[in-house]
Amino acid sequence: MSSGEQQFRESLRSFRWASSSNNANISTSKSTPFSRLAENTSNFFGSVGNRVQGYLPLTNNGEQEDEWFTLTRWQRLVGFGILFASGALCFIIAFISLPLLAIKPRKFAVTYTMGSLLILSSFALLYGPFAHLRHMISRERLPFTIAYIGSMATTLYFAIG
């Protein structure tokens with residue numbers, strides 16, 4: 001058996017795709033630290049994938065937002081990542097412009113508010129817009145939601161107007 005074939009069989013064994021009868025032919029005496037690291041890493045990420053597989057965010061009542069689930073989990077995660085990174089970038093720009101707050105308050109207010117809206121949108125995309133809205137206006141969170149959105153609106157009003 002060639003060394004390439006042996007490595008291929010070892011990689012199959014680490015993903016548990018090969019049957020146990022095929023694994024009996026593989027000798028483990030040539031395992032290197034790199035191959036053990038690769039095997040441990042693939043086992044770890046394989047188990048994480050198995051634990052995460054089938055996860056669907058649910059609303060408070062245990063109902064799924066069927067119309068929202070036309071997006072795949074990967075598409076929601078990518079959208080979440082893009083919106084979250086964009087919001088973080090807006091926060092960074094806002095904090096860089098913080099020393100200029102007395103001269104140009106509009107720049108800080110707009111970038112900070114835009115960052116907040118993008119972060120809120122990213123979580124709405126991840127959980128579903130209606131589930132996220134229901135969560136935000138729940139009895140326990142409603143005062144904080146009103147204060148947060150009110151402060152963003154007031155900041156924009158006074159900075160732009």
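A Cβ is built for glycine as well, from the same backbone N, Cα and C atoms used for every other residue.
Residues or ranges marked as transmembrane segment by TrEMBL: 77-103, 109-130, 142-160.
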| query | Same chain, outside the transmembrane segment (77-103) by at least 6, Cβ under 8 Å from its Cβ: which residues? | reply | 71, 111-112, 114-119, 121-123, 125-126
| request: Residue list, the transmembrane segment (142-160) vs rest of chain: Cβ under 8 Å, 6 or more residues beyond ends. | output: 105-106, 108-110, 112-113, 116-117, 136
